Amino acid sequence: MSVETPRTSEEPVGTQEMAAPAATAGSGPSALSRLAGSSATRNLGLVIALVILCVVGLATAGERFGSIDNALTILRLAAVVGVVSIGMTFVICGGGIDLSVGAIVALSSVWATTLATQTLAADIHWIVMVFTALLVGGACGLVNGVLVAYGKVAPFIATLAMLASARGLAELIAQRRTQIVRDRSFIDFFGGSVLGIPVLVIIFAIVAALGWVLLNRTTFGRRTLAIGGNPEAARLAGIKVERQTAYLYVLLGLACGLAAVMLMARTTTGTSTHGGLLELDTIAAAVIGGTLLSGGRGTIVGTVLGVLIFTTLTNVFTLNNVDTSTQNVAKGVVIVAAVLLQQRLAARRRST
Amino acid sequence: MNPRTISRPVRVAAALGVVVLVAAGCTSNTPEAEGSTSSDSQRAGSNNDEPGDKVTIGFSGPAADHGWLGAINSAAQAEAKKFSDVDFKAAEGTNDASQQIAQVETFINDKVDAIVLLPTDGAALTEVATKAMNAGIIVVNVDREFSTPFAARTTVLGDNYGMGVSAGTYACKLVNDKKISNPVIAEIAGIDALPLTQDRSKGFADALKACNQTVDNRVAAEFTVESGEKVASNLLQAAPKIDIIWNHDDDQGVGVMAAFDNAKRSEFAFIGGAGSANAMRWIKEGKMEATVLYPPTQAADGVRLARLLAQDKSMSDLVQVAIPRRIVLDAPVVTKENVEEYLPLGFES
């Protein structure tokens, strides 16, 4: 690996160039604009895919698809997966992967709805449940992060271990029962809406906005892309790679805790079965959104679009009463089509 | 490594650790008193329950990751405990067919008198069950059927097709009683790939034919609360007005109910399936129309039958001396009228 370029700069300025060190070696500003352009066209491809889906929805289900209620239903469904997907985008951008998100959501939701937590929440305020979920999620993320960053365990293995043990612990605590949230004001708050927009959707929007700023406008984001693109170069540029990696997993853990709270409000329960296959949904959303699985590149807008495509797809199918087997086949086709469309558009932009 | 790079995360970790330890107090989860799962009220008088020859019964079932399966296991345990002449060996619940095969092989090696087996997959466990039968061990098959009749002495089954029929018949009754013209009937199924789900759906469709109705909207969830909520909220968008909804499974029903509440929809008659305690409480409160029972006491019945078979006794209420080969349990409908009677059978999910 070439390490000359980063060594010249002492401060951790991981710019977009660093995001793809191999591609930009030797070529200056043109490479930069090309990269920015391709990321925009990638998103354009996703927008086109989403628009096509909406047209199909309108054509086949008409008013039922076009109504505001239905749009809000889609957004509410997207919110939980979306929050975790944004955290996942950071971890993947940083060169990692996290398979344990579903299990962490389950554990957080269970821990936050135990009789003891709920009694405490009834005495003080339901915010106790929120803090518990965030704390459990953050702690799980910290364990993942420390194992990966300082223990040098491969992310795949470390988080696979967390997947097994977090879900197991959730089952132990909940005794495999569904724990019902008794605090109505908790459910009313998160299940309610402000100015007609559901609180869950607002949370998703805030998380997406914060994620965008964090990734694109802060040194934290630049460092994330830098360590994902080329950890050795990042280290030589003065970035504390281990610490940054650990932070990313904690961030994702907190997102899982938040998702657990949202799920508790949506389903009025905490159970060890929450978040089933969430890891696949979130990784798929991030990757469809243009995040490189090998790290170093990713966009929050792309991830949000990826989540929306999946949710809209399911919604359109359900409105048309399509059976699940056909849905699954079509889902696979749509995933491949969306990615191909993205690549086509990106290639065309590059050649012109 | 530079000590400063590690010290801060460690400090953060230590601080978090302390908080987590404090929060650990929050994991206490002492449940409220549980209802007993069996009623001894209307049993025929015979001396079958009196202690007989000492028998060893092995029990193996799937992991109790679902309320109904949890109830199956605890009911079997509770039933076995009632008999002083039963030595009950329960294997750890597993969803891995090869591990369950190993458990049955262990029972064969231990030379138990009978095995009560709720297979994770009937076909996958058929071979080893046949092996047990050939070794002279009585096998009682519960809920998921083996692929050959030689693998079990007696089979106890819930009636999945019958569940659908009960739900469909009840839906027809509602349509006729309320004189609904052009009713919109929706179905929220469980995991579509499972034969049991297909049986339930077929039964529902067949019964609806009797009153010239069909299922207008159908979605499938995954027996979990989360999936129930997800598919139900899409379903409510798909059909702006629904008259009757049948949901296959009361475990996922908690999520389905949450979706109804979120969308503030309640114009329909909501019929459940399986018969959890939650569902029965909803019926009492009037939030649910009815639920179709899928008895969680099958394995308990399996234990009883295994004991009788091992002791060479007969079923007291039958004229026939030998225990029947096959018992299919009824799928009754629980409504507001009879909910009190069934509440003790409802399982906490």
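Just so you know, the numbers here start at 1 and follow the chain as drawn.
The backbone N, Cα and C atoms fix where each Cβ goes, and this holds for glycine too.
The region 'Disordered' feature in TrEMBL is assigned to A:1-25.
According to TrEMBL, the feature transmembrane segment maps to A:44-62 (among others).
The list of residues near the transmembrane segment (A:74-97) in space but at least 6 beyond its ends in sequence, with Cβ under 8 angstroms from a Cβ of it, reads 105, 148, 155-156, 159, 198, 200-201, 203-204, 207-208, 211, 214-215, 224-225, 227-229, 231, 244-245, 248-249, 251-256, 258-259, 262-263, 266, 278, 281-283, 285-287, 289, 291-300, 303-304, 306-308, 310-312, 314-315. The annotation transmembrane segment is assigned in TrEMBL to A:74-97 (among others).
What TrEMBL records for A:103-121 (among others) is transmembrane segment.
The list of residues near the transmembrane segment (A:128-150) in space but at least 6 beyond its ends in sequence, with Cβ under 8 angstroms from a Cβ of it, reads 96, 98, 100, 104-105, 107-109, 111-113, 117-118, 120-121, 158-159, 161-162, 166, 181, 183, 186, 241-243, 245-258, 260-261, 264. As annotated by TrEMBL, transmembrane segment applies to A:128-150 (among others).
Feature annotation from TrEMBL assigns transmembrane segment to A:156-174 (among others). Residues 97-100, 102-104, 106-107, 109-111, 114, 140, 143-144, 147-148, 270-272, 279 of the same chain, all 6+ positions outside the transmembrane segment (A:156-174), place their C-beta atoms under 8 angstroms from a C-beta of that stretch.
Distant neighbours of the transmembrane segment (A:186-215): 72, 75-76, 78-80, 82-83, 86-87, 89-90, 93, 121, 126, 129, 221, 224-225, 255, 258, 261-262, 264-266, 268, 298-301, 304; these residues of the same chain sit at least 6 beyond its ends, with a Cβ under 8 Å from one of its Cβ atoms. Among the features that TrEMBL reports, transmembrane segment is placed at A:186-215 (among others).
The feature transmembrane segment is assigned by TrEMBL to A:246-265 (among others).
Residues or ranges marked as transmembrane segment in TrEMBL: A:298-317 (among others).
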Seg_contact(the transmembrane segment (A:298-317), the transmembrane segment (A:44-62)) with at least 3 CB pairs under 8 angstroms, min sep 6: yes
